[in-house]
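Student: So that we are looking at the same thing, I have put the structure below in C-alpha cells.
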Amino acid sequence: QTGTGLTGRPPPPRGTGPLPLPRQMGEPIRVREAGCLQAVAEETRVLLFIAVPSLVRLALVQMADRMTIAFVGAYDPTPEHIAGCVLGKMFSNITGVSVGIGLSIGVTTFASQNHGRGTSRRNGFVLRQCRRVFAGAWAFSLLAALFSRQLLHTLGQPEEVLLPCQLFSLIAAIGLPAMWMSSAIQCVIISQGNAMPSMVCDGMASLTNLALAYALLRGGFGFLGLAWATTTSYCMSLLFSMMYVVYTGRQATVWEVPKEEEGEGEVNLGLFVRTSLPSALCMWIEWWAAEVMAVIAGWLPGGEYSVGGHGLLFNTAAIFYMAFVANSIAANTRIGNLVGAKEAKRIQICIATGMAWVVALSAVISCFLLFYGPALLRLYTKEPGILAEADGANPGMVMTIAPYSLMMFFLGVLRGGNLQMWGAAAMFASFYFFGIPMSAYLGLRGNYGLLGVWLGNAMGMGLSAAMISVKLYCVDWSKQIVRANLEGGASPAGDGLEERLLLAQAEGAATRCQCLARRLQLGTCWKRAEASAPPTWVAAEMAAHWASVDDTMPA
C-alpha cells in the first residue's frame, strides 16, 4: 500500500469486525492460529512458565519466614519475646504486608493488558500512581505500628507481650515501602511473561533474611534481630529487582514515564484505585478471615490445645496454598495479556486449561495431605494434646484444598479481565455471611470442635468459587475486552477509533441516530490518527468501519 490510495483493496465484508490501524510503537502479542490441542498445549506451557517460578518464589519466602521464628526460639527463649515476636509478625502482616501487596496486585492488571496490546512503555504511568497510593498506605501501616500497644491492649492481649510486639512492628514497618515497590516492579516484569527474575530476586532476599537473622540472634541481638533482618530482606528484594531492570535495559517498559504520551495514555489516580482496591480487598478478606478462624479456635473447649492444633494445620495448609496463589498469578497475567491482545476465543481455552490443571493439582495435594498430613504435623511438635486436635481436624483442612484452588484461579481470571470487584463481593459474602458463621456454629454448637471450624472454612471457599464461576460463565469476553481496553487506556491514536467502533457493535448500535452519535464521538480521533498514517488510508478505514455498522452510510 502507498500513501496515495488503496487501489485494488477489497472493502471489508459487512458485519465483520473493524480492521486495526497501524501502530507506531510496539506490536501487540499475536496468538498464532492453531488447532484445539495445540492451543491447549500452548496455554499450558504459558501458565506453567509463570506459575512454577512463582511457586518456588513463594515457597522460599514461606520457608524463610518459618525458619527465622525457629531461630528466636533457639537463641532468645524468653517466653515474652517469643510470643511478642510471633504476635508482632502477625500484626505486621495484617496491617502492613497485606496492605501493600494487595494494592500491588492491581499493577498486574494494567501491565499485563499493556503487554498484550503492545504498549508496555506506559507502565511508568501505572507505577507512578502506585507510588502515590503506597505513600498513603505506609502512613496507615506506620500509625498502626505506633499504636499497636494500645490497640492490642484493648483487644485483651497479655500485657507482657505488648511492648515486644510494638517494637517488632515498628522496625518491620521501616522496610514496608521497599517491599511494596519490589512487589510492584516484579508484577510488571511477570506481566511481560517472565517470572524467573522475581524468583531469583526474592530467593536471594530470603537467603539474606535467613543468614542475617541467624547471625544477629546468635550474636545476642535478641528477637529484634529478626525484625532488622526482615527489614533488610525487604530492601534487598527491591535492590535486586532494580538491578535486574537496569542490567537488562528494561527501564522504558517498567518505570520510565514516556513524556510524549503525557495526558494521552496516562492512568490517573482514580482509575488506579478503582482497579487495585477490589484486588486488594480480595486478599484482605482472605487474610482477615484466617485470623477470625484463629479466634474461634481459641473459644473451643480444647483451649490451648485447639489453638495449637489450628496453628499446625494452618501453617501446613499455607505452604500448599502457595501452589494455588502461583496459579492465580499466572491466570491474572495470561488473561490480561489476552485481553490486551483482544483474543476473546483464546481466553476461553485458557480458562478451561487452567481449570483442568488446578483440579488435577488439588486432587494430588488433597490425597497427599489426607494420608501423610498427620506425619507432617509431627514435624512441628510431639505434644500429644495438640497433635490429637490437629489429627482430628486434618480432614477439614484437606477439604479446603479443592475449593481454594478453584477460588484463587478464578480470582486471577477476574483480575486479568478487570472484573475483580465481583470477586471481592463474592468472597466477602461467602466468608463473612456463610463460611465464618458456619465455622462458629459447627465448632461451638455442633460439637465438631476444630474439625467444624475447618469445615465451615471449606464451605465458605466453596461458595465463593461457585459464585465466581457463575459470573465467569456469564461473561461475554468480546464485550468485556472492549470495556477493559477502554478503561485501561488503549492507544489514543489508533486503538481509540477501533475500540469505540467495537463498542458500538458490541452494544448493538444499529440505528442511524446511534451511529451518528458514535461518529461525533470519533471526530476527535481524526487529527491524532493523521499523525500515524496517511490521510487517505485513515479516511478509507473510517468509511469502511462506519459502513459496517450503518447501512445508510455510503461506502
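Glycine too: its Cβ is placed from the backbone N, Cα and C atoms.
No curator has checked TrEMBL annotations; they are predicted automatically.
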Student: Of the ranges 195-216, 393-414, which one does TrEMBL list as transmembrane segment?
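Tutor: Going through 195-216, 393-414 one by one, TrEMBL gives transmembrane segment for 393-414.
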Student: Which residues of the same chain, at least 6 past either end of the transmembrane segment (312-330), have a Cβ under 8 Å from a Cβ in it?
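Tutor: Beyond its ends, the transmembrane segment (312-330) has Cβ neighbours at 46-48, 50-52, 54-55, 58-59, 62, 66, 108, 190, 195, 290, 293-294, 354, 357-358, 361-362, 365, 369, 373, 376-377, 380-381, 386-387, 390, 393-394, 396-397, 400-401, 404-405, 408-409, 411-412, 415, 450, 454.
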Student: Looking only at residues six or more beyond either end of the transmembrane segment (90-112), which have a C-beta under 8 A from one in the stretch?
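Tutor: 120, 123, 126-127, 130, 133-134, 137-138, 140-141, 144-145, 148, 152, 165, 168-169, 172-173, 176-177, 179-180, 183-184, 187-188, 190-192, 267, 272, 275-277, 279-284, 287-288, 291, 329, 332-337, 339-340, 415-416, 418, 420, 488-489.
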